[in-house]
Amino acid sequence: MKTAIFTVVLALAVFAVLSFGWEANEKALSEEFTELIHEKEAASETEARECRYFWGECHDHMPCCDWLVCRYKWPIAYNICVWNRTFPEK
């Protein structure tokens, strides 16, 4: 009877250690994944935009993209980029 109880306790201890290891591995993978996502976001944010997109605020130092033109719109108190009825070439 003592050996059966000892075996059960030992098996539970092994399962606890294995599940802790699995959980630690899963957490490490999750942290690695979130770090990768943050790196991708940071890389896209650091790229300087050469032009302003649709409905973006524009000035002389912030030009619109090729298929947009900078116009003053009355309800809005600043110039915005609007479509000039052309399409960008790819």
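Just so it is clear, glycine is given a Cβ too, placed from its N, Cα and C backbone atoms.
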Could you identify, going by Swiss-Prot, the member of CYS58, CYS65 that forms a disulphide bond with CYS51?
CYS65
CYS81 (disulfide bond) versus CYS70 (disulfide bond) - Cα distance in angstrom:
5
If we count other C-beta atoms within 10 Å, could you say which of the disulfide-bonded residues CYS51, CYS58, CYS65 has the fewest?
CYS51
